[in-house]
Every structure is written in structure tokens, then in C-alpha cells.
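Asks: These came from TrEMBL, pasted as-is:
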DOMAIN    6-137  domain 'EamA'
DOMAIN    149-281  domain 'EamA'
TRANSMEM  33-55  transmembrane segment
TRANSMEM  67-86  transmembrane segment
TRANSMEM  92-114  transmembrane segment
TRANSMEM  121-138  transmembrane segment
TRANSMEM  144-165  transmembrane segment
TRANSMEM  177-196  transmembrane segment
TRANSMEM  208-227  transmembrane segment
TRANSMEM  239-258  transmembrane segment
TRANSMEM  264-282  transmembrane segment
Amino acid sequence: MSQRISYLVVLLGAVLWGTTGTAQTFMPQTIHPLAVGASRLAVGGFSLLFILLIMRKIDFRNWPWKSTLYAAVSMAIFQYLFFSSVRLTGVAIGTVVTIGSAPVFSGIIEWLLLKRRPTRVWIMATILAIIGCVLLFLNKGGIVVNPVGISMSLGAGILFAFYTLVNKDVLDKVDPVPAVAVIFSMSAIMLLPFLFLFETEGLMTGRGISVVLYLGIATTSIAYILFSAGLKRIPSSSAVTLSLAEPLTAAILSVLVVGERLNGTSWMGVAMLLGGILVLTLSGKEKVVQVTGTQTNTIV
């Protein structure tokens, strides 16, 4: 897979993530968001793992268990922190702080751990996309600035960045499909207690099951397989920045499907998000940079 195709594959995964909110509008509103998160991970992870085991397409010999465990724990705690932050501080602030901070944390982590210096193109694209994300969400009503909620959102941003980095290490040793199957099955096991702690009324109805199946298969299994497949060829910081296509997709679907209306500020945010994503995608070519005596591949 070429590097340019890798960018597009990651983008496609983020677009599928962006359908999550619209899909959830068809689910009974009595269900706690954490129960939804646990359910989608269980469907996504266990279904993939079951198919791979039946087809004997997974080999646990020499499996990178340490990195896999880090990735699974990161994803499980990310789900908890993100959904909890949204409950405390609202969808707008929780989403902006989590999604907006993740690319910044990813760039910092890569710089500190991998000695991969952020490039000018990545910095410009990330700033454009983050400002766009802020403009898209912060004009909405009902904004609550809760210090605990903000802290949880920042924690979720760090964990998504860390998940992406350690997932890349897993992908150096195994293919994307088995990697996603094992990581998300482990994360689902960690989150299963939430199905008994929070409200799940309506989850087992026909509509609830249909939405959970879509969330588990399309926005978890397929989306993360695409994200992981592209991640094999591009830096984790670039992949996290491209994941900002998620709120862009969600905004467009809210207009086309849900019937919401965006004002001028929101459309400006959409344009800046799209601009940042295009800058990063269309400017991708590999270059070797010297950082503190170490040669590393970066995308410029």
C-alpha cells in the first residue's frame, strides 16, 4: 500500500467513526453511553476474533502481548474517560477537548519517545483542523466548563494518542485484522462490568440491537481495521490528526440526516477542518530527518 493510499484509508476509517453520533440518534435514549461503548467494543472485537478463530487465520505464537495489553487498556480507559467527560461537561466541550488535544499529545509523544520532530506541514494542518473543530462545536448552546470533565477529556486525548502509538508497534508484528480483533476483545472484557452498572433499558430491543450491530461492525471493526491498515505506513501523529475527519463527517451527517442547521461559524469550522485534512493528505511524502543524532522517517 502506497503512503498516499494509507492517508486515504485512515481518512475512510475516521469517516466511519463520524457516523457514530448519527447512528446513536436511532437508539433508545434511556441507554447509558458507557453501556453503548462497551457493547460496540464487544460486538466489534468478539465477532472478528470468532471469525478468525473459526477460519484459523490468527496465530498467537510470537504475539506482541505487551504492546497489545497497553493498546487494549488505553482504549478501554479512553472510552470511560471520554463518555464520562461528555456527561460532566457536555458534548461540545468534551468532544473539542478530547479530539482537539489528541493530535497535539500524539506529536509530543512521538517527539519525546521516537525522536520524530513535528514537521511544518503537520503543525499547520493540525492547527487548522483544531481551530476548525473548535469553531464547529463551541457555538452550540449548553456549554458547561467543568474542571473534572475537562481533565477527563484531556486524559482521553492522551490515551487515544498513546493507543495509536502502541498500536503501531503491534502492527509492526501482526496484520491489522487480528490486531483489532484481539485489542478490542480485551478492551471489551474490561468494559463489560459497565453493562451491569449503568442503564441498559432498550438495548435488547430490535432497534437497540440493530444500532449496536452497526456500531460494532462498521464504526469499530471496519473503521479500526482501516485506521490500523493505514497506520502501518504513516506516523501516528499524522493518523491522529486525520482522525479529525470524524467531527467533520458527524457535522455533515447532522445536516443531511438528522436535520440540524449549522450557522456561519460552524460552516467556517467545517471548511478549516477540511483544509487541514487536505493539507496533510495532499502534502504527504517521506523524508528522513536527523533528530538528536537519530534518523527517523517523518511525513512532510
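For all residues, glycine too, the Cβ spot is worked out from N, Cα and C.
TrEMBL: automatically predicted annotations, no manual curation.
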Asks: At a C-beta cut-off of under 8 Å, are there same-chain residues at least 6 beyond the transmembrane segment (67-86) that contact it? List them, or none.
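Replies: 33-34, 37-38, 41, 94-95, 97-98, 149-150, 152-153, 155-156, 159-160, 162-163, 166-167, 169-170, 173, 179, 182-184, 186-187, 190-191, 194.
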Asks: Would the transmembrane segment (121-138) count as touching the transmembrane segment (92-114), i.e. at least 3 C-beta pairs under 8 angstroms with sequence separation of 6+?
Replies: yes
Asks: Determine the mean pLDDT over the domain 'EamA' (6-137), rounding to the nearest whole number.
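Replies: Averaging the confidence scores along the domain 'EamA' (6-137) gives 90.
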